[in-house]
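Colleague: Sharing a structure here in structure tokens format.
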Amino acid sequence: MTLPEFFGCTFIAFGPPFALFVFTIANDPVRIIILIAAAFFWLLSLLISSLWYALIPLKEFLAFGVVFSVCFQEGFRYIIYRILRSTEQGLHAVAEDTRVTDNKHILAYVSGLGFGIISGMFALVNVLADMSGPGTMGLKGGTELFFVTSAAQALSIILLHTFWSVIFFNAFDTNNYIHIGYVVGSHLFVSLITLLNANELYTTTLLINYLVTILTGVLAFRLAGGTSRSFRKFITCQ
């Protein structure tokens, strides 16, 4: 059962993001480059945020490390926002599909997906390695729900990073500081909520995470110009 569980959890976490990549990014070299660049910037934020461990009085408090990490991730999200906005003319000149620069939300979506995919990979890769066998119903005698919960939370964080970037980029374009605060605050809230998993409160963390994911997705959809009418047309393939 270890391999079916391994592949099942892998597809839960990375199936939808892979579909998004195939259908919206893979055919455009510029979008692929932006996605890879965004993933690289997230890795830089992870590297720098590890410095919190050097703060001897606070290194035993995991919650402080989470706050430190979120702040650096959002800092690097802003850096890539500035880079993409300053290179729009160059991207427009080399892009085969000029929609990538004509529609500013596309740049935000692609960079957010890059942030999310690499974040999900780092969150889940060690769990998947343990899941592949031999028999592992849970870690250290824990519940068997640990693996599927980890996969579902990885999917949630991938989608959230995508939505957060759309909101974040638009907020700086329009000087909407409330939305900037929402991105940083919800990122911090969702990250801290996952600490409850140490007490095996998986249902609570998943419900909260996906509630935030849905609300954030709706906000990003609205900011990108989506309407209930366009959503119905999408669902009905019109």
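The backbone N, Cα and C atoms fix where each Cβ goes, glycine too.
Quick paste from TrEMBL:
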{"type": "TRANSMEM", "residues": "6-25", "note": "transmembrane segment"}
{"type": "TRANSMEM", "residues": "32-55", "note": "transmembrane segment"}
{"type": "TRANSMEM", "residues": "61-80", "note": "transmembrane segment"}
{"type": "TRANSMEM", "residues": "106-125", "note": "transmembrane segment"}
{"type": "TRANSMEM", "residues": "145-169", "note": "transmembrane segment"}
{"type": "TRANSMEM", "residues": "176-196", "note": "transmembrane segment"}
{"type": "TRANSMEM", "residues": "202-224", "note": "transmembrane segment"}
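Burial and contacts for the listed features, if you can.
Modeller: Nonlocal intrachain contacts for the transmembrane segment (6-25), taken as residues 6+ away from its ends with a CB within less than 8 angstroms of a stretch CB, comprise 31-32, 35, 109-110, 113, 116-117, 120-121, 124, 127-128, 131-133, 147-148, 150-152, 154-155, 158-159, 162.
Long-range contacts of the transmembrane segment (106-125) within its own chain (CB-CB distance under 8 A, at least 6 residues past either end) are made by residues 9, 13-14, 17, 20-21, 24-25, 31, 34-39, 41-43, 46, 73, 77, 80-81, 84, 88, 91, 99-100, 150-151, 153-155, 157-166, 168-170, 224.
Away from its own ends, the transmembrane segment (176-196) comes close to residues 62-63, 66-67, 69-71, 73-74, 153, 156-157, 160, 164, 167-168, 170, 204-205, 208-209, 212, 216, 219, 223 of its chain (Cβ-Cβ under 8 Å, at least six residues beyond either end).
Same-chain residues lying 6 or more positions outside the transmembrane segment (202-224) and placing a CB less than 8 Å from one of its CB atoms are 105, 109, 143, 145-146, 149, 152-153, 156-157, 159-160, 162-164, 166-167, 170, 179, 182, 186, 189-190, 193-194, 196, 231.
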